[in-house]
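The structure appears below as structure tokens.
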Amino acid sequence: MALSQTLLVYVLLCVHLGVSSQHYLRLRPVPSEHLPVPDLKEDPDPEYDPREQDLVERTLRKKLGSSFDPNFMSINSPMLVNLSDTRIKPHGPMPNEIKKLDLTETPYGKRVKVGKKARRKFLQWLWTYTHCPVVYTWKDLGVRFWPRYIKEGNCFSERSCSFPEGMSCKPAKSINKMFLRWYCQGFLKQKYCTWIQVQYPIISECKCSC
């Protein structure tokens, strides 16, 4: 009985030490409606960083397999491109809710005549004004992710997307990309570290909403 109690205390102590030594570390981005994913709080102790022999590209590519997507991830620091341009124009077909607007009806019940050219120009302007593009920027996730650079999406937010003003661009859809995460368990010299696969959500579509 005494042996069992001693063993239980030892196990609990190991668990406690393993968890407390990683109190800064969140294993993976927590699923949330709030995107983009906020920065993870890491333990600053370099003991929890992967070593040079843990960063062999060939081995890590094999571990990540077909999930490696060069369109959204990079091993080396990519060129930083500023996409926050107010001239970003919508692409694809015009949304039906804009295309089907009746511009001839006034709030007072009277009808006005609108030429085809004027209608087309106004609808194009309205579509451009209310359009919510996804602006992509490269983000450094740190040495404990591989690849460490991710192309993260943000909703365009330099102005209101509604007329009159009041609404803003907000995330509507997201996609998940698989990364490798360096994860350690245990305490000091008795810790065990390895690469594990984690999913990282990225904004893929934004919409104008309240």
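Glycine residues also receive a Cβ, built from the backbone N, Cα and C atoms like all the rest.
When the candidates CYS14, CYS155 are compared with TrEMBL, only one is recorded as disulfide-bonded to CYS206, and it is CYS155.
In the disulfide annotation of TrEMBL, CYS193 is paired with CYS184 out of the candidates CYS184, CYS208. Cβ-based neighbour count (10 Å, all protein chains) for CYS161 (disulfide bond) stands at 21. Straight-line distance linking the Cα atoms of CYS155 (disulfide bond) and CYS132 (disulfide bond), rounded to a whole number, equals 7 Å.
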